[in-house]
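This report concerns only the one structure given below.
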Amino acid sequence: QADGMSEVGKGTLTTHVLNTATGLPAAGLGVRLAQLQEPGLQWMELAHRHTDADGRCQPLLAPGQAKAGTYRLHFETAEYWQGLGHTSFYPFVEVVFIITDPAQKLHVPLLISPYSYTTYRGS
């Protein structure tokens with residue numbers, strides 16, 4: 001996209017998912033990234049990944065791809081727990097956050113168990 005290049009920074013967006021019931025990384029969990037579009041407040045999907053054996057995936061925003069705005073990480077937790085033979089109280093987890101400085105590196109980890117989840121801004 002040629003427009004808005006001045007606001008594009010060098011930041012990246014990464015995540016890490018940890019299964020706190022086992023203390024192990026959550027492998028094979030689907031993660032989708034979307035950005036809130038103005039006007040109309042529609043979500044536009046930017047990336048779809050699956051976590052690797054370490055609970056991580058390729059950056060959801062590559063360097064230079066981040067723009068200021070509101071974003072949503074959608075974690076497909078029900079499929080993950082079903083794969084382990086568990087049911088999950090939360091069919092998915094969505095984390096909505098704002099990028100104000102596109103040059104920053106953002107890390108948004110997720111800690112999950114069948115009946116709880118926690119997220120925070122990591123480094």
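Our numbering is plain: 1 for the first residue shown, then up by one each step along the chain.
Here the Cβ of each residue, glycine as well, is placed from N, Cα and C on the backbone.
Taken verbatim from TrEMBL:
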DOMAIN    9-122  domain 'Transthyretin/hydroxyisourate hydrolase'
BINDING   His16, Arg56, Tyr120  substrate binding site
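Listed in chain order, the extra residues whose Cβ falls within 8 Å of the Cβ center of the substrate site residues His16, Arg56, Tyr120 are Thr14, Thr15, Val17, Leu18, Gly55, His107, Val108, Pro109, Leu110, Gly122. For Arg56 (substrate binding site), applying a Cβ distance below 8 Å and a minimum sequence separation of six or more within one chain yields Thr14, Thr15, His16, Val17, Pro25. Secondary structure by DSSP for the domain 'Transthyretin/hydroxyisourate hydrolase' (9-122): 7 helix, 52 strand, 55 coil. It is Tyr120, among the binding-site residues His16, Tyr120, whose Cβ has the fewest other Cβ atoms within 10 Å in the structure shown.
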